[in-house]
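Step one of this worksheet: look at the structure below.
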Amino acid sequence: MTRVRDRTEDFKDAVRNTAVSLGYNESKLAAILASFIIHKPRQHLPFTKAALTTLESIGTLEQFIIKHRKDYVDPHRTTEQERDSIEHEVMAFIKACKEQIDLLKNSINDEDANTKGWLGIRGDNSNTDTVAHKHGVVLILSEKLHSVTAQFDQLRAIRFQDAINKRMPRRKPNRVANSSSADSSKMNNSELGDTNEIQSEPLRVQQQLLDDETRALQVELSSLLDAAQQTETKMVEMSALNHLMSTHVLQQAQQIELLYEQAVEATKNVELGNKELSQAIQRNSSSRTFLLLFLFVLTFSILFLDWYS
C-alpha cells in the first residue's frame, strides 16, 4: 500500500516562486496565499439579489400578518381605525412585492429579447435554460405571495362577516322603535284629541297638522336609515368582492406565467427538432452521394473486367 504524501507546501512554494518571478511584492503574495485558506464569498447576480430581497419581503409580510392576526380579527382588542391601519400596511406590503416581481419579469423578458437573433431564434441552449430557471424562480415567488395573501383574505372575510352580522340585526330594533314611537304618537294624538274637544276648533286643526308632519318626518327618517344601512352592507360586500377579484387576477397571472414556461419549452423542442431534421437531410444527401459513387465504381469495374477478359 502506497503512502500518501501531502504536497500542499510544495504547491505553495511553487506559487511563491512564480509570484516572485512575476514581480509581486510581499503584500500581494500574502493576499494570494490567504486566498487559499479564506475563500472570497461568491458574488450573486443582480437577478439573484433581487429575488432574495423579494423573498425576504414576502417573509416579512407573512410574519407581520401572523403577529397582528388576533388584533385584526378580534374587535375587542383594537378599534376600527387600528384595523384599517393594519390592512393598509398589509396592502402596501403586497403592492411592493408585486412591483418587485414585475421588475423581475421585465428583466427576464429584456434578457430574452436581447439574446435572440435576427430571426428570433436563440443561439445558446445554456442561456435558454437560464431564462427558464429565472421564470421558475418568478413563479415560485408569485405562488409564495399568493399563499400569504390567501391567509390575509381569510382574515378579511372574517372581519367582513362580523361587520355584516353587526349591521343586519340593527333593522329590527329600529323598526320596533319606529312602531313604538308610532304607538306613542297615536296615544298622544288620542289624548290631544280628548283635550281638543274642550279647546277651540283652530287649535285642533293646527295640532293635527303638526302631528301629520311629525309622522311624515318619522317615516322619512326611518326609510333613510334603512337605505343607509343597506348601502353600507352593499359597500362592505363590494369591498370583499373586489379583493376576491384581485386574488383571481393574481391566479390568472400565475397561469399565464405557466403557459409562457410551456411555450418556451415547446420553442426549445421545435429548435431541437429543426436541428435533427437538418442533420437527417445532411445524412440523406451524404448517403445518396455514396450510393452514386458506389454504383459508378461498380459499373466501371464491370466494364473493366469485361474489357480485360
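All residue numbers here begin at 1 and follow the chain in the order shown.
Cβ atoms are placed via backbone N, Cα and C, with glycine included.
According to TrEMBL, the protein carries these features:
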COMPBIAS  178-190  compositional bias 'Low complexity'
DOMAIN    5-86  domain 'SNARE-complex protein Syntaxin-18 N-terminal'
REGION    166-198  region 'Disordered'
TRANSMEM  290-308  transmembrane segment
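Remote same-chain residues near the transmembrane segment (290-308) are listed as none (criterion: CB distance under 8 Å, separation of at least six residues from the stretch ends). For the domain 'SNARE-complex protein Syntaxin-18 N-terminal' (5-86), the mean pLDDT of the prediction comes to 81.
According to DSSP, the domain 'SNARE-complex protein Syntaxin-18 N-terminal' (5-86) comprises 60 helix, 0 strand, 22 coil.
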